[in-house]
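In what follows, a structure is listed as structure tokens, so that the remarks can point back to it.
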Amino acid sequence: MEREAEQFHGQHQGIWVFIEVKDGAIAHVSLELLGAGRMLADKRKSLLSGILIGDQVDHLADELYEYGADQVYVYDDPIYRFYRTESYMRALLDCIRKHKPEILLYGATSTGKDLASAVATDLPTGLTADTTQLDVEADTGLLQASRPAFGGNIMATILCKKYRPQMATVRPKVMKALPQQAGRQGVLIQERIAITEAQIRTKVLEIVRSTIQRVRIDEADIIVAGGKGLGSPAGFELIHELAHTLGGAVGASRDVVEAGWVAHHHQVGQTGVTVTPKIYFAIGISGAIQHIVGMQNSALIIAINKDPTAAIFQASHYGIVGDALTIVPMLIEAFKVAIGRKEEVDVGKI
Amino acid sequence: MLHIVVCIKQVPDTKIIKMNPKTNTMDRSSAPAILNPYDTHAVEEAVRLRARYGGRVSVLTMGPPPAVKAIKKCIEIGADEGYMISDRAFAGADTLATSYALTKALEKIAAEYAPVDLILCGKMTIDGDTGQVGPGIARRLDMPPLTSVNKVVELNLEERFAIVHRKLEDGYEVIQSTLPCLMSVEKTINEVPYSTMPNMLRAARYQPQIWAVSDLPNIDKTQLGLKGSPTIVSAVWAPQKPQGGKLIEGDAKQQVEELISVLMEQRILFEATPRGGEH
Ligand SMILES: Cc1cc2nc3c(=O)[nH]c(=O)nc-3n(C[C@H](O)[C@H](O)[C@H](O)COP(=O)(O)OP(=O)(O)OC[C@H]3O[C@@H](n4cnc5c(N)ncnc54)[C@H](O)[C@@H]3O)c2cc1C
Ligand SMILES: Cc1cc2nc3c(=O)[nH]c(=O)nc-3n(C[C@H](O)[C@H](O)[C@H](O)COP(=O)(O)OP(=O)(O)OC[C@H]3O[C@@H](n4cnc5c(N)ncnc54)[C@H](O)[C@@H]3O)c2cc1C
């Protein structure tokens, strides 16, 4: 592979976001990246572009403008009906080689990571993994991408000085999408490459969506999370009950998931989901750093733990030192009363 | 005959690693070195495929001399042979330089033993945790990369294809790929049983082949190590912990009452309810 990216001589310009499409809709992480990309583009006084690859996707461009994109490159062809590394990589490499972006961001999802790693090798260029903070030097365009490593024990800032584009995968739910600006316009740029089915060595035979109704903890405003301190699966039932009372979702520490008290998609943290609810209850959770990194951006964190020295208290706004098995049932009763009263007030107003 | 090569890495056990609070650096000596947990499953999967289809399982690592231990662990799981590339010139490699060096070693293994039908990697490591090395190797060897694999349904060695399940955020997809290909595997792909006594005895005696840069043919030294790495780590710090908040005093009843009144006062609870709520 030739090292074409090495001599970039400053002709690389613009901030790009790879737009992930799932079941005909834009993945939320792509909107979040447009929010982050807008900040970078404004600092660099350059354009923000989305790269949209798929089958019958060009109408999605309008939504991308409304979330901050100035222009959208589209590769629209039945061959892109399913994500496949080889077909998407070819389109993206074509676009990068032709239009030379300065920075290219991808969601750190199964698709984004797969695509970004392949593209980085071919260019070649540097790829920062699983970024949680982004900034750019306004005058040089040097991207400062920071990420957790060593199981969340450290944060590191990664630079890619000599190669362009600078690329990073960015963790979902960490960046903020801009508020949708209805009617905001942009420019659509149709692109096309010659590509045939015979050139692609993989086929998607079937897509199986999990049928279990998932509690979308990444979208919940209230999360009640429980840890090993609940003592048993029966104790953990209290977490479900409190969540139900508040209309929130159930979260969990990894140890609870590993013990089999609750399914993995409830796990919050480094190897689980990153969440940003308005209220986060951490009940019987010790507060290991790998857990903290997944919930520390919650607006209000309330911890209940019987050990006054538990690390979770350092990470929370309000703490109750006490036995969860006593406190939580009392909370459930009290909330039922409080919320009931609140509903009466609202009804009275109407 | 099926030839599988598994790429494996020795990593510090990040569950045990300690930070020096004064210097904000990691105390690596505090953490025992282990075989990357995802790679344990990759080796186990290779061993299972060998049981189904016959053939040989080779493992390959790039690392400092103590990484021999990680290879021995793979022999315990049931791998046939181990190879290690170890040289100061590899130090400081990012994922681009790592995949380059490993590709050169894979070419040598293929030349000396047999062409490679399948390369297995872990989904990611628990130290660098980028997940970028596997797909990088696949591109360099021009093999289809299959990431997040959690089931190998079939290898068809006559017609040269593989069928796998690839994990998605909300389910999985069934993919057919030509062989050779590279798969990076999830932990859910299998469970690793305890090692057998014969494998443990063999592992205790086993010495892998160790190659330096000069042993790898046609290697471009400018693509190795720190020099060959486009990314650099410019700063490292301990993640900032939120400042500790207010502890609510009193007996259980008082604590509960005060918490509720705090939430009522701030109105957060009731403003939050509609979107997260079930009604
Ligand atoms: C690479 C890596 C990734 C990881 N990823 C994650 C992750 O994504 N998410 C995650 O959560 N963890 C993760 N971990 C694990 C993490 O390090 C901790 O082991 C885990 O979070 C601890 O879970 P816990 O707090 O439920 O259990 P424990 O540490 O056992 O804590 C239980 C707590 O409950 C309290 N308690 C006990 N009884 C009661 C009671 N009756 N009432 C109230 N309190 C009580 C105790 O005082 C204690 O503080 C990861 C670890 C590694 C190495
Ligand atoms: C704090 C910090 C942050 C870093 N961030 C980045 C970054 O953002 N981008 C970047 O390009 N590099 C980064 N690096 C460098 C990266 O950690 C190294 O290149 C590392 O050697 C390989 O990456 P990984 O551990 O993430 O492997 P992964 O890509 O996560 O490993 C996946 C699989 O590849 C195989 N594999 C990986 N390494 C080896 C090996 N040495 N020998 C054999 N098989 C192997 C294994 O099967 C493994 O399961 C960072 C390093 C540090 C210290």
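Yeah, the Cβs are placed from backbone N, Cα and C, and that goes for glycine too.
Automated prediction, rather than curation, is the source of TrEMBL annotations.
A quick note: this is a predicted structure, and the numbers were derived from the prediction, not measured.
Quick look at what TrEMBL lists:
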BINDING   A:253-254, A:267-271, A:284-291, A:ASN305  FAD binding site
DOMAIN    A:15-204  domain 'Electron transfer flavoprotein alpha/beta-subunit N-terminal'
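Its Cβ taken as reference, A:HIS291 (FAD binding site) is surrounded by 28 other Cβ atoms within 10 Å in the chains shown. In this structure, the binding-site residues that sit close to ligand 1, with a C-beta under 6 angstroms from any of its atoms, are A:SER253, chosen from A:SER253, A:GLY287, A:ILE289. Among the listed binding-site residues, namely A:GLY269, A:GLY287, the Cβ with the most fellow Cβ atoms inside 10 Å is that of A:GLY269. With an 8 Å limit on C-beta distances, the binding-site residues from A:THR271, A:ILE285, A:GLY287, A:ILE289 that reach chain B are A:ILE289. Long-range neighbours of A:ILE285 (FAD binding site) (same chain, six or more residues apart, CB within less than 8 Å of its CB): A:ALA225, A:GLY226, A:GLY227, A:LYS228, A:GLY229, A:SER253, A:HIS291, A:ALA303, A:ASN305, A:ILE312. Around A:ILE289 (FAD binding site), taking its Cβ as the centre, 20 other Cβ atoms fall within 10 Å, counting all chains.
Under the DSSP three-state reduction, A:ILE289 (FAD binding site) is assigned to helix.
By a simple count of nearby Cβ atoms, those within 10 Å, the most crowded of the binding-site residues A:SER253, A:GLN267, A:THR271 is A:SER253.
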